[in-house]
Each structure stands twice: as C-alpha cells, then as structure tokens.
Amino acid sequence: MALRFPRFSQGLAQDPTTRRIWFGIATAHDFESHDDITEERLYQNIFASHFGQLAIIFLWTSGNLFHVAWQGNFETWVQDPLHVRPIAHAIWDPHFGQPAVEAFTRGGALGPVNIAYSGVYQWWYTIGLRTNEDLYTGALFLLFLSALSLIGGWLHLQPKWKPRVSWFKNAESRLNHHLSGLFGVSSLAWTGHLVHVAIPASRGENVRWNNFLNVLPHPQGLGPLFTGQWSLYAQNPDSSSHLFGTSQGSGTAILTLLGGFHPQTQSLWLTDMAHHHLAIAILFLIAGHMYRTNFGIGHSIKDLLEAHIPPGGRLGRGHKGLYDTINNSIHFQLGLALASLGVITSLVAQHMYSLPAYAFIAQDFTTQAALYTHHQYIAGFIMTGAFAHGAIFFIRDYNPEQNEDNVLARMLDHKEAIISHLSWASLFLGFHTLGLYVHNDVMLAFGTPEKQILIEPIFAQWIQSAHGKTSYGFDVLLSSTSGPAFNAGRSIWLPGWLNAINESSNSLFLTIGPGDFLVHHAIALGLHTTTLILVKGALDARGSKLMPDKKDFGYSFPCDGPGRGGTCDISAWDAFYLAVFWMLNTIGWVTFYWHWKHITLWQGNVSQFNESSTYLMGWLRDYLWLNSSQLINGYNPFGMNSLSVWAWMFLFGHLVWATGFMFLISWRGYWQELIETLAWAHERTPLANLIRWKDKPVALSIVQARLVGLAHFSVGYIFTYAAFLIASTSGKFG
C-alpha cells in the first residue's frame, strides 16, 4: 500500500474516512504520539524545528526592512518624523477604481501605499539607521542569518550532528550558556551598538563600517574604564534643548542616569538605555557563571532544590524531587517558558507606551494604540498556553511516587481550597463590579447622575504619589518636597523622573478616578475567572471526584460515552477552550480602557472618559459607538476614503467571528446528515461527479469542531477590534 498521510501514524493512515486528514493535521506536531518515537528522536525533532522557527523569524524581519527600503519613504520620514506618515509598502492593485488610487496615495508616495503602524520607522531611526542603503544592508544580513538557520536545522538532523539526550538534559550547562550567552553577551553587544552607533547618530555623527574604528564614542576613550573614573562617562549629557539627530544641544556622555524623557522625542534618553543594557549584561554574565558544569565549581540545581525543605514542615518535603520532574518533562519546561514569556509580553505592552524607548513614537498615536493592543493579545494567548502544557504535564509526565509530599503534590492535595478561593474571588468581583455599574446606569436613566456610587481609588493614588506624582496632594515619599528622598532625587539619581511623572504630555502614571476604579475591577474579574478556569483545568487534569480515572482518557476527550453521565466538557482541553473566551473578553476590556483613556488624553478632553466610564451605557455610547463612526463611513453612496479598508476588515471580522458560532453551537449529527445529503447530490450531478474521493466524508469530531469554532471566534474578534482601533485612532489624528 502506498504511503498515505499521515506517515507518522499507521493507524490514522489506514482510516477510511476524512478523519484521517483532520486528525493527521491535529497531531502533526504532537511528536510524542507518533509511531516509533523515542525520547532521543523527540528531543532532536524539537531542537531541529527551533532552527526552522528562527529562519522564519529572520526571513520575516528581513522582509520588513526590504519592503520599506524598496517601497517606503524612510529617508523622507527621517527629515521630519512628526509630519511625514511612514509607508509600510505599496499596494499593487487597489480595487474600486480611481477613488481608491487617490485615497491610498499618501505619505508623499507616487501611488497607493499602506501606512506603517508598527513603529519600525521609529525603532530603526533610534538605533542609528538613516538611509535606504542601511535598510537593505540589514535585510541582506537577516536573509543570510535565515539561510544559516535552515542549514543549522538540516545539519542537526544528520546522524553525526544529532545531539544526545544527555546533552538536552544538562540543565546547568544550558542555563549558563543561555544566561551568559543569550542574555549577557547579546545585552553587551547591544550596549556596544548603542554607544558606538546609535548615540553618535542621535548627535548627528554617522558611524558606519568605514569609520567605526576611528570614531571615539567618548572623548576620553577607554581611559576612565581602566582608571576606575567611571563617572566621567556620565558627565556632560545631552541638554534639554538637544535636537535629536543633530549636534545642536548635544553632550558627550554615553552612560547616564538622567531619568524622564528627551523633551523633543518624548522617549527615554539613549544614554540611559545604554547604561541599562550594560547593567543587565554584567548581571547576566555573572549569573551565567553560577552553575556547576564540568569544572566542579558552582551550584548544582538538584542540590539547591533538594535542600529547599522549610524547617517548619508546613510545605512538606519542599522542592524534593522537582529537579527530575522538571528536567524530564518537556511540557513542564514549556509551561514555565510560556508563563514567563507571557508576563514579559504583557510588560512590553505596558512599558512601550508608558516609558517609550523609540524617538517620536509617543507622538504617533495610532502606532502606540496598535502596539499596546498587539502585545496584550499575544500575551493572553501565550499565558493560556502555559496552563495548557501544565495540564498535559500532569496527564503525561507527572509521577506521584517521585513527588511525594513536595510542593507540587501538595498543590494537587489542596486543589479544592485553591479552586474554591479563586471561585469566591471571581464571584465577589463580578457581582460587586456589575452591581456598581448597573446602579450608576439606573441613576443616569432616572436623570439623577449625582446619585451614582463613585469610588476614588485612593490606594492606587497613594502609590502614584509615593512615586512622585503631586497632583493628588498626598505629600508622601517622593511627592513630599521636604523629604530626603525628594531632595536626593533632584541631584543624585534620575533627576528627570519627577519632571516626567508630573507632566501631562506623556502616559506615565496617568491620573485616575472612579471610572478607572470600576474598569480595574472589571479587568480583575476577567483575570481571576480566566485563571480559575485554567488552574482548575490543570489541577483536575489527572482526575476529580466525579471522574477519578480522567488521566487515562488523555488531554482532550469529549465524554466517556453515553453510559457515564456528566463526563462531557471536563477534559483539560475543555478548560483551555473555555478559558480562551474569558481571556479574549478580559483583554477586550483592557484594550477598550487603554484606548478610550488615551483618546481623551490625546484630544485634550479627559473629562469625557472620567464622566462616561462610570456606567455601562457610557462605554457603549461614548466609546464603542462614537468611535466607530469613522469606521462605518469608510464608504458610502458617494464613494470611499482611506478608511475603507478598515471598514471592510471590520465587516469581515464580524463575519469570521459569527462563523465561529456555527461550529460552536451545532454538533456532529447535524453536519453528518448535511454532508451525506451533499455527497448524494454531488454524485448525481453531471460534471461535478467527475471529481471523486477515496475517503468517506465525515463530520468533525466534537473537540475538532470546538477548536475550529474557537479559532474563528478569536480571529474574527481580533480582526474586528484591530480595524476599529486603527480606523478610529488614525481617523482622528491623521
């Protein structure tokens, strides 16, 4: 018999129905379940696929650089970053005739183009790129790295170059190399780039391959480093009148601790960032020499964990057994990595707008909104994935004997307490927050807005004041002008911080009130409920009182047949599936809040947010409805404008989103009947019946249909909001 897809599963390859195709796609990356898989081959396959992933990333970033260099307006933008709109790439074939051509010919281009809302122009400008030639050079270099990655992936699948399992499980060596090499050396290299290329470029000096060996980044060269006079590198920083990209008002410092923002670019001082990366580099270079490898010095992680037994005995055997549990479970390691990456990605969303690192990006409002929203959604998907792989760990890799009475086993032992506490917190937050919102709605409906319940977030305001925000009048810590910390801050550390935190032109520590208090608790409800579903899914993955043998059914099962009632919807996969809806819901509230607060801030009418955000109708009417007006006017009987593409994306997003419900609400029988009717008609229709199939068409399984429904729901949801966000922001601010 000829080899049929999927080759990795003979059982599936012999399936006579279309299930073969869908199950084949679904399990293609579940290497553990493939025929003839060994632990060694599993690790080697994953390792090789990392090279493929890197190749794709390098190719993609190379494409960004290449298209901007070829079709963009980078060199024009550099001359006037605040007034020229950055072009992402050309539009080859604008449909809908001459009005479309005119609507999309922008940014000084000769033909229709797309505007870039990704912030790459600001990023490239900040790190010292100035010409299209620079961009082409970068694109070629990344293309080379991409090819190198592909060769590396191929090489590591050859017998001679395949790493052994022992190499993959050498945790100390991997940690040392990742800490020192990945974080330490790359941070040091980045400091080098900032000091040698980016900072000179910000002062009007062009450093390239032809002159970088004879341009001193600092007038005194390496002298201060070797004589211990490091503070000389911080003397004479750029002045507050410095014009970015020119020598006017520039200084000579390379490593500073100024704090706050460059007055013209509204971004962090480049010299502060170089200093930051140098500090990070030193920390990680030291951290990467802490663990015991071939040399017999340093820490053994296993010894560290075995020693972690709390003296009071309240955590049982502490971390005993954890080293082998984690080191032998790829899912546990992936769960930890995803949890960390998810948190970092959300922090990136937060810090990219509150502490902008790139010159002039803070004044590009649409880009700010797009980047915040993008990173929060990505973070949501990554974090839910962490719990999914945590659950798979419990089902496939967890060994109760190895973990007796340690912290992991104790999590399982008192899971009822954990789950019920999370449930209580979610219920409390939900009912109280909704109660306040609805009460306020009713008061407005009755024409008595003064009877709203408006709660000032005094604790959060106190924390903001402690960091130096004076407008609340708390007079505490850094906002107390007579305190020693305040006076020291003026001269020793971050003198620019206190100015920045009290300026209204940035997004540092925004002024908050009752509307913020309410939406904060709505978001807290979403976070706690998402966490509840995910934690319950992982802790109940091995079994529950209702279904003690759950782990024998695997990660995703629909039910245990008709004879065992109540076993539907309780697989670990179902928990993940439900949690994603809550995650999307929560990030919806987060991005609505961020966007509305910033729109009113940028337009100078913060009172609109403050007054309308305290009741639900305010959100629906003054945020969603009011800001969709430009969007739904992307085209009308008189033609179209440059927002039309977002109007269509908005409609298309709704369509995809609604299609999701078709898969989520109906089950297999309906589709099976429909499929058989369609197949009957197909076989009896002339011409059509020339096309035959070998596999008998069958409906998707319950779990697959849910996945397809969830995918459409998620993609449609995000498409719809992305179009709304970009159109409403760019429509207002150009």
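Cβ atoms here come from the backbone N, Cα and C positions, even for glycine.
Your range for transmembrane segment, going by Swiss-Prot and the list 100-124, 175-199, is 175-199.
The list of residues near the transmembrane segment (46-69) in space but at least 6 beyond its ends in sequence, with Cβ under 8 angstroms from a Cβ of it, reads 31, 87-89, 116, 118, 120-121, 124, 132-133, 135-136, 138-140, 142-143, 145-147, 149-150, 152-154, 156-157, 163, 168, 330. For the transmembrane segment (175-199), same-chain residues at least 6 beyond its ends with a Cβ under 8 Å from one of its own Cβ atoms are 126-128, 207, 212, 215, 217-218, 254-255, 270-271, 273-274, 277-278, 280-285, 287-291, 293, 301. Counting only the Cα atoms, the space from His654 (chlorophyll a B1 binding site) to Met662 (chlorophyll a B3 binding site) is about 13 angstrom. Residues 353, 369, 372-373, 376-377, 380-381, 383-384, 387-388, 391, 516, 519, 522-523, 526-527, 529-530, 533-534, 536-538, 540, 609, 613, 619, 623-624, 627, 706-707, 710, 713-714, 717-718, 721, 725, 728-729 of the same chain lie 6 or more positions beyond the ends of the transmembrane segment (575-596) yet place their CB under 8 Å from a CB of it. At the 8 Å Cβ cutoff, the transmembrane segment (369-395) and the transmembrane segment (330-353) share at least 3 close pairs (sequence separation 6 or more) and count as touching. Taking Cβ pairs closer than 8 Å, the transmembrane segment (417-439) reaches residues 411, 452-453, 455, 518, 521-522, 524-525, 528-529, 531-532, 535-536, 539-540, 614-616 in its own chain, all 6 or more past its ends. Outside the transmembrane segment (273-291), and at least 6 residues removed from its termini, the chain residues within Cβ reach (under 8 Å) are 171-173, 175-181, 183-185, 187-188, 190-191, 194-195, 198-199, 234, 254-257, 298-301, 357. Long-range Cβ contacts of Cys559 ([4Fe-4S] cluster binding site) within its own chain (separation 6+, distance under 8 Å): Thr567, Cys568, Asp569, Ile702.
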